[in-house]
């Protein structure tokens, strides 16, 4: 163990503290607590962490320079403009719906072995998806330019139809489906800002078209499936999910930021004053929230009620049913939440008899919070730091996912269309535009995601270390904390962290982040290999995949547990991460029977408390996203799934910041008590009287270990 900790961190006379102002002066009560010859530890990893921040800023700058979040929601027209972009040619500020003008091109792009790609079919941007006339024939004409002396506003006011102004040559090319005007034969509906064709041609419009001498138009259902396949592709769905994050920022602020802070503080105050009832309240509330969130999933999946998720933007024919991946994903999550609800209910019944064990454990934290009340307020500091970081990170995420270059496709097809600028039919410019993503963009996105996880773990670790240092100061001072300066121990612990231990915290958070990302990458590879080749995966391959995933999961859980205790020893001893981990692990192994059952049950209640806060946030996010604002017009989200999951994650992170007050108080007191007892032949010398009642080995701890 490297020598008794009491000799290092015990309470020294204040005179011995001369010249050191870490605790606000040698004359304050408790001066000289946790004081010895500290020095900076794990400097190399602090340098690595600083370099990581520089890389994050450079990486994000690339996204801000190259990205345009409009690309996540809207598509490109045949000129390479982003629909809805006021900087387009022409100005497309209110023209945000993509419409394919030539129905035959759409049909041909869906044929097998066809050289025509839907990305090369002629598409323009409109305000609304057009529909056939009831008693005639409507036309959709190209952007006005050249000999067509109309402004864009006049073109919009005429419902995009200037067929009557065409010259005989223009009319003849239009009847050959070469533009500049094209007939509206099929009804269309706005599906995520693209006009989905409904393969149900208007007989009236088709008859008028034939009477005018127009060429034959294919009426096959393939025209419907081709557009749906493009709108429902994996890449399109991913872009819409990322766009939902940008549209839901008010939900994140309210439900992922303000609400979890409010709920976490309430939970801490209730633990302080109603500790005996909080274990039962937490379990019951957790089950009620799981059921509520599951019911909301059922409603949006369309399995309960009449308010299912729809892919259509605006009003549509009730007889037109269009599904999508978003709805399928929501169905999957609904089934998953049903399983979680059943497991949660059965698990709650199973631990009812053991809940009483958690009550004395939580009393430990309640007593510490009562004495060091600044601990309740302190998590606001890392909360505001994380809030600023997340705002920057989410903005960079939108730009990174939308970065890329708009380039003309390299196609090899024969097509002709009327060029209004040239004043004739042009058969050269047949290729459309698409967004070209280079491999380094994928690497930049992966690094950005990893950076978020590492930064989050780092700030959580810093908060936990400060709390551990404050609680340890309280313990080793025999509970003599100055009430004249309520933030004394917290400020002192923060100063020690900033001065000596940031490198150790950076190392600990990096280790956990690397293991998590190895798991993530292996899982992605495993899923990708499922789609490679036609042969079934062998039993050996399945076993190897499952065992590796299980092993990494166990390693990750073990590392997180070791890290948490290592941060406590870092706060107490000032050792580096490696030595602190060894000290903490050795202390735990020597007292595993004493603290094992106590910690497990206490941790279960704390995890349920964090889940309660995050599920409350998810439920309120569902309610906010179910309002008219997010169901129509430009703020319509493709699915509440991703915003709710992000809100749940944010709520959990915030809850973890505040619940660390209780969690680290319990762990720090228990580790300190075990070390204190070990150094003094089983009789703890530094434990304050109000903690001795709960942690004395011969009384409460022995009773807790044996259980009811």
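Every residue, even glycine, has its Cβ placed from backbone N, Cα and C.
Within the set 220-245, 376-401, 402-427, the record from TrEMBL flags 376-401 under the feature transmembrane segment. Per TrEMBL, the stretch carrying the note transmembrane segment among 333-356, 429-452, 525-548 is 333-356. Residue ranges 43-64, 65-86 are listed, and TrEMBL annotates 43-64 among them as transmembrane segment. As annotated in TrEMBL, transmembrane segment covers the listed stretch 249-271 rather than the other ranges in 134-156, 157-179, 180-202, 249-271. Stretch with the largest number of CB pairs closer than 8 A to the transmembrane segment (249-271), among 43-64, 277-299, 458-477: 277-299. Between the transmembrane segment (600-625) and the stretches 277-299, 497-522, 637-662, Cβ pairs under 8 Å are most numerous for 637-662. Stretch with the largest number of CB pairs closer than 8 A to the transmembrane segment (43-64), among 333-356, 376-401, 458-477, 637-662: 376-401. Residues of the same chain lying 6 or more positions beyond the ends of the transmembrane segment (637-662) and with a Cβ under 8 Å from any Cβ of it are 192, 237, 240-241, 243-245, 247-248, 251-252, 255-257, 259-261, 263-265, 267-268, 271, 300, 309, 311, 326-327, 329-330, 333, 362, 365, 369, 375-376, 378-379, 382-383, 386, 390, 456, 460, 463-464, 467, 606, 609-611, 613-618, 620-622, 625-626, 630.
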